[in-house]
């Protein structure tokens, strides 16, 4: 083999190894990505039990039930559909009925969302952008849910431009 052929063989081999490594990394990341879904999206997508995802919406008023050993159940609604949620752990201090929530976990075989992480709104105007957008899209947005997503950002841009 000439020098040029050896160099091309080495470059080709390196590219193949790099391609395989990239494919493995992308495959691993694809499996660990958690998507955000509203209860309506969950019912439309027919998400399989055990598949991890994030569930966002409002905690339905009157649905919070506290059990033994930090077990809690409640329903998450997006105005069109509701989904029962079961969680075992300490809820955030700002967790309330009628407030925005994002829970991470998976559906069990009975259709109950088994959450292992629950996030609640952190001040009087916060709502996850995805939840607010979903509520607006479905026509269920109410102005008393808090500041519209991006409102603080828009007002700061106005102050800068003046």
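Cβ coordinates are placed from backbone N, Cα and C, and glycine is handled just like the others.
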| note | Of the ranges 117-139, 140-162, the one Swiss-Prot annotates as region 'Disordered' is 140-162
| When the pLDDT values for the topological domain 'Cytoplasmic' (1-7) are averaged, what is the result? | 89
